[in-house]
Amino acid sequence: MKKAGSILRPVPGAISHTARALMAYNLLFLLSCIAFVSSSSHAYVYPPLVEGLSFTFYKSTCPDLESIVRSYLKQLFQSDISVASGLLRLHFHDCFVQGCDGSILLDGSFSGPSEKGATPNLTLRPAAFKAINELQTLITQACGPVVSCADISALAARDSVHLEAVLSSLPSPTSNVTVLIDVFTELNLTTKDLVTLSGAHTIGIAHCSSFEDRLFPTQDSTLDPIFAENLYLSCPVLNTTNTTVIDIRTPNTFDNKYYVDLLHREGLFTSDQGLYEDFRTKPFVIIFALCQHMFFENFVYSMTKMGQLSVLTGSQGEIRRNCSVLNSNLSWYAVDGDGHDGKVF
């Protein structure tokens, strides 16, 4: 196995201007990483907050909010750690479609279909939706109806990372880097944000249908041969319904091993491995693979930035009494004797 540091070692012979620039860029990042690690008083840097948002917004109306969320998730993850990636992915899918408004949580009804039914969202985990609804119940019991469903989703995604240590908006796992950059640019997110947020794939699973184009009809040349052989064991033919982990090194730990996978051509999706193949994104992949602290620092920044996309503040939105239904539609929603949601009439 190659040492991670070997990727910065020039091969014998002439070195192009591009190669020199790339090595200098990486060296600067490595020096930054060393400075970061050696600093014991480092505090995370956050992007400017959208007007109306505050990290202490619920300090007076629901002072126990964060402890309620963290306590619930800590217990939940003890029985099923895979829900962590489900909650993180749920937050991504909410924010990338019309902003972070909790709309991904809404069920379809007489008024029309929901985001849940869109093709990119069909693989979102039911356990993640269930967790959000149960969290909302606990929070409402403790504080009343004061915390929005969008904020519950954001808090759940944040603590999922912490406790680990619709078609036009959501890019497909088969997308190339140019498509990904274009999608992120439209949302005022940078190429660096793209590579950083892709690191969320360090936890979670994927269905064969998400990457089978790299196996059939011919094997993708950017796949490591041994890695590809193992993928065929899970997905031997087209349209297999099996799943596999995204990060083969530490699938249940939030760390920087996703980027190490890319260096070894073991990225699962086209949209993953392409980040290491494209000159615009490769430098970020390298530094995050070499410096986990740098990845963590940038992930905090980019997640906070993404979490403010077209947010609803003040009177723009509503505090839903049920995260699956708009308050105006609750009269159409049946509730059984145990308080569980039934069917829409």
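Cβ atoms are placed via backbone N, Cα and C, with glycine included.
Per TrEMBL, the features are as follows:
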- 52-327: domain 'Plant heme peroxidase family profile' (DOMAIN)
- C62-C143: disulfide bond (DISULFID)
- R89: site 'Transition state stabilizer' (SITE)
- H93: active site, proton acceptor (ACT_SITE)
- D94, V97, G99, D101, S103, E115: Ca(2+) 1 binding site (BINDING)
- C95-C100: disulfide bond (DISULFID)
- C149-C323: disulfide bond (DISULFID)
- P171: substrate binding site (BINDING)
- H201: heme b binding site (BINDING)
- T202, D247, T250, D255: Ca(2+) 2 binding site (BINDING)
- C208-C235: disulfide bond (DISULFID)
Original post:
Can you tell which of the binding-site residues (S103, T250) has the fewest other C-beta atoms within 10 angstroms of its C-beta?
Top reply: T250
Subject >> Length of the line joining the Cα atoms of T202 (Ca(2+) 2 binding site) and R89 (site 'Transition state stabilizer'), in Å >> reply: 12
**OP:** Could you state the whole-number distance in Å separating the C-alpha atoms of V97 (Ca(2+) 1 binding site) and C323 (disulfide bond)?
**Re:** 17
**OP:** Report, in whole Å, the straight Cα-to-Cα distance of H201 (heme b binding site) from D247 (Ca(2+) 2 binding site).
**Re:** 7
**OP:** Report, in whole Å, the straight Cα-to-Cα distance of the residue listed as 'active site, proton acceptor' from C235 (disulfide bond).
**Re:** 25
Subject >> Shortest C-alpha distance to C323 (disulfide bond) - which of the recorded positions S103, C143, H201, C208, D255 >> reply: S103
Subject >> Mean of pLDDT values spanning the domain 'Plant heme peroxidase family profile' (52-327) >> reply: 89
**OP:** Express the distance between the Cα positions of C208 (disulfide bond) and H201 (heme b binding site) as a whole number of Å.
**Re:** 15
